[in-house]
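Record features (TrEMBL):
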type     : residues       : note
ACT_SITE : Asp132         : active site, proton donor/acceptor
BINDING  : Glu18, Asp132  : divalent metal cation binding site
BINDING  : Arg101, Asn103 : substrate binding site
DOMAIN   : 16-115         : domain 'SMP-30/Gluconolactonase/LRE-like region'
DOMAIN   : 116-191        : domain 'SMP-30/Gluconolactonase/LRE-like region'
Amino acid sequence: MSSIKIECVLRENCRCGESPVWEEASSSLLFVDIPAKKVCRWDSLSKRMQQVTLDAPVSSVALRQGGGYVATVGTKFCALNWEDHSAVALASVDEDKRNNRFNDGKVDPAGRYFAANRRSIYKLEKEEQIPDGMCIDAEGKLWVACYNGGRVIRLDPETGKRLQTVKLPVVKTTSCCFGGKDYSEMYVTCARDGMDPEGLLQQPEAGGIFKITGLGVKGIPPYPYAG
């Protein structure tokens, strides 16, 4: 296995970065900052960062087969037009429930966009770790970001056995995805909300975007929404 390298490629200071998605056509990483109500796009070639601010917490973003993006905004599924920064609601749920919102979302192989507003939480081991965002590699193994665990772990989904652990210099790791030219790079989002001033001094890159190389395994392209 190659030597693993971890670097913070974007010190964005996200309050709660989530939902990283690689867009191969533009060599860019999409991600959201949930409480800041932002969808962000970082060009890995030019290192330029763009963002769209919406009118409600945005919990996930995905590619759209016909072009553009889709996102879960508040309790709505929205079509996102990057050119004019507009978001058009495609569907809405739980409109009668105040202070509710989607928590995460993913597109499945059939092109369906799934999102949930509640989920079960399980402890992984003694340390305070909560399984958060995840992705699958080309070998069918699961990579999970551990919130409050400062790591991503590789699991065999059939046996539940832990195969690999990669520790990061930040504690609140939230999600991960594969990207890069051949999907051999892993990108990890994290959060800084809830950290005290001392914690932020100790973890100055909290809220940034991290790139991990040398994992010795490749990922697969994200599935686009077919609608």
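Every residue, even glycine, has its Cβ placed from backbone N, Cα and C.
Curation plays no part in TrEMBL annotations; they are all automatic predictions.
Since the structure is predicted, the reported quantities are computational estimates derived from the model, not experimental observations.
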Alpha-carbon distance [Asp132 (active site, proton donor/acceptor); Glu18 (divalent metal cation binding site)] in Å: 9
Candidate with the highest Cβ count within 10 Å, taken from the recorded positions Arg101, Asn103, Asp132: Asp132
For the domain 'SMP-30/Gluconolactonase/LRE-like region' (16-115), residues assigned helix / strand / coil by DSSP: 3 helix, 57 strand, 40 coil
Local Cβ density at Glu18 (divalent metal cation binding site) - other Cβ atoms counted within 10 Å: 24
Arithmetic mean of per-residue pLDDT over the domain 'SMP-30/Gluconolactonase/LRE-like region' (116-191): 87
Asp132 (active site, proton donor/acceptor) versus Asn103 (substrate binding site) - Cα distance in angstrom: 11
DSSP-assigned states of the domain 'SMP-30/Gluconolactonase/LRE-like region' (116-191) in counts, ordered helix, strand, coil: 0 helix, 41 strand, 35 coil
Rounded inter-Cα distance in Å - the residue listed as 'active site, proton donor/acceptor', Arg101 (substrate binding site): 17
